[in-house]
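Before any comments, here is the structure.
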Amino acid sequence: MAPSSPRPALPALLVLLGALFPGPGNAQTSVSPPKVILPRGGSVLVTCSTSCDQPTLLGIETPLPKKELLLLGNNQKVYELSNVQEDSQPMCYSNCPDGQSTAKTFLTVYWTPERVELAPLPSWQPVGKDLTLRCQVEGGAPRANLIVVLLRGEEELKREPAVGEPAEVTTTVPVEKDHHGANFLCRTELDLRPQGLKLFENTSAPYQLQTFVLPATPPQLVSPRVLEVDTQGTVVCSLDGLFPVSEAQVHLALGDQRLNPTVTYGNDSFSAKASVSVTAEDEGTQWLTCAVILGTQSQETLQTVTIYSFPAPNVILTKPEVSEGTEVTVKCEAHPRAKVTLNGVPAQPPGPRTQFLLKATPEDNGRSFSCSATLEVAGQLIHKNQTRELRVLYGPRLDERDCPGNWTWPENSQQTPMCQAWGNPLPELKCLKDGTFPLPVGESVTVTRDLEGTYLCRARSTQGEVTREVTVNVLSPRYEFVIIAVVAAAVIMGTAGLSTYLYNRQRKIRKYRLQQAQKGTPMKPNTQATPP
């Protein structure tokens, strides 16, 4: 408040004496206006009057800065009171010869609060948990006309007079999903309408509420229980019943390795999918973590993943290619903790290696030796296989099945001479008549007299050679007629001979029966006698 200008001590003394020892006269002092409401720091004009009709001492007593503006005769003065900072009661006084008197005017100062502040809201508020709102108000007058209102948007939550300095108003409200994103604020109302002024409002800075729901159930984590070194696996983490689901943060990690999931959101659920790669440095048991953070809460699921190294078993042949009759050692070796089996080997105690010995035969050419290894990892059986093929070198072969020794074909017919030589490596085959004329093996030819004859088939390879004679017979049309005639004659003669035999047999039977009848020998019914 600005200091007032120096005032003479005499008026104050006169006022005091007039108040203590009022005179017997009827002179009165009045003031206008008797009541004033004005903004803080404002000015007001006050008129002091007296009814004394004689020269008198007229003035105003106030701590406020004052300025005499107008003298209306000896019994009325107008003063300007300025920089009114608080409620005040200036007093007009007059000292008439027949007595002293005083009159007061009541100055009421109004001003809106200097601070209206809503306490900050929690960054996140769980749905279902009550929220406490607190508003502080500093300053503001007149307090009898000052109200504090707490609001959610435009909805009033509480209305209360401002009491105390600073005034504080609190309320507790339940929190629901629908309140997510709602603005909360505090407002003051200085209602001076009854005094002919208006309603003055001050509003705090708003705070937006963020609500959330994170279920008590941990997220579901799906991943391989075991994972082989230098391979990839897929991890999926999911959870239902979240709100707002788009604000959920998902963290996936394998040991110290942070994963980068692709997150798919539903209405109130999410699914996070990530690929995980492991190396030899990760071998052993690792913790796979899925953590979901929403608001101020989190849920976490832990699961162990066993990282293992299990190379395929090694199948070892003494030599992958041997000659017929050579002894070959077949070995199978695997991880020290694995158990191996090798096809063709008699049952042996389980272990990481096995072997057997064989003598190579042509039938072993192209034979596959398969080794199966089994390793138990975290209760799961892991299987690996490896196969090696044996090549056996053996000499050429020509046999009756694949290279018949005799062919008989009609002249002018279409025929395909077939002669297959076997061996490893596959032998070269040539069939020649008289050392020069080749037999077109595997080709369709028209049979002529030139094709007839004996051919020497020779199969040759790095493992040796073998020969075989084959004969081609060509039947001309005249030979076909002779053969048909001979066959027909044989059929006719056979038929005639059979008829003669049957006729003689029946004749002998009748002759025998006649002789028996002449001797009186009874004949047994339904029994034929054996002919002599």
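Cβ coordinates come from backbone N, Cα and C, glycine included.
Feature annotation from Swiss-Prot assigns disulfide bond to CYS48-CYS92, CYS52-CYS96, CYS135-CYS186, CYS237-CYS290, CYS332-CYS371, CYS403-CYS419, CYS419-CYS457, CYS431-CYS457. Per Swiss-Prot, the feature domain 'Ig-like C2-type 1' maps to 41-103. According to Swiss-Prot, the feature domain 'Ig-like C2-type 3' maps to 230-297. Among the features that Swiss-Prot reports, domain 'Ig-like C2-type 4' is placed at 325-378. Taken from Swiss-Prot, the feature domain 'Ig-like C2-type 5' applies to 412-464. The topological domain 'Cytoplasmic' annotation in Swiss-Prot covers 504-532 and is backed by sequence analysis. According to Swiss-Prot, the transmembrane segment annotation covers 481-503.
All features noted in Swiss-Prot, drawn onto the structure.
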| residue | record | DSSP (3 states) |
| --- | --- | --- |
| CYS48 | disulfide bond | strand |
| CYS96 | disulfide bond | strand |
| CYS135 | disulfide bond | strand |
| CYS186 | disulfide bond | strand |
| CYS290 | disulfide bond | strand |
| CYS332 | disulfide bond | strand |
| CYS371 | disulfide bond | strand |
| CYS419 | disulfide bond | coil |
| CYS457 | disulfide bond | strand |
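The distance from the Cα of CYS96 (disulfide bond) to the Cα of CYS48 (disulfide bond) comes to 14 Å.
Packing around CYS371 (disulfide bond) is summarised by its Cβ count: 26 other Cβ atoms lie within 10 angstroms of its Cβ, all protein chains included. Mean per-residue pLDDT, taken over the domain 'Ig-like C2-type 1' (41-103), amounts to 87. Considering other CB atoms within 10 Å as the measure, the emptiest surroundings among the disulfide-bonded residues CYS186, CYS419 are those of CYS419. Rounded to a whole number, the C-alpha distance linking CYS457 (disulfide bond) with CYS431 (disulfide bond) is 4 angstrom. In the structure shown, across all protein chains, CYS135 is the one of the disulfide-bonded residues CYS135, CYS403, CYS431 with the greatest number of other Cβ atoms within 10 Å. Residues in the domain 'Ig-like C2-type 1' (41-103) partition by DSSP class (helix H, G, I; strand E, B; coil) as 0 helix, 41 strand, 22 coil. CYS431 (disulfide bond) sits 78 Å from CYS290 (disulfide bond), taking the C-alpha atoms as the reference points. Counting other Cβ atoms within 10 Å of each Cβ, the disulfide-bonded residues CYS52, CYS237, CYS290, CYS332, CYS457 show the lowest value at CYS457. Using CA atoms as reference points, the disulfide-bonded residues CYS48, CYS52, CYS92, CYS371, CYS403 were checked against CYS237 (disulfide bond), and the closest is CYS371. For CYS52 (disulfide bond), the nearest of the disulfide-bonded residues CYS92, CYS290, CYS371 in terms of C-alpha separation is CYS92. Counted within 10 Å of its Cβ, the other Cβ atoms near CYS48 (disulfide bond) come to 26, all protein chains included.
Across the structure, CYS419 (disulfide bond) and CYS371 (disulfide bond) place their CA atoms 38 angstrom apart. In three-state terms derived from DSSP, CYS403 (disulfide bond) belongs to neither a helical nor a strand segment and is classed as coil.
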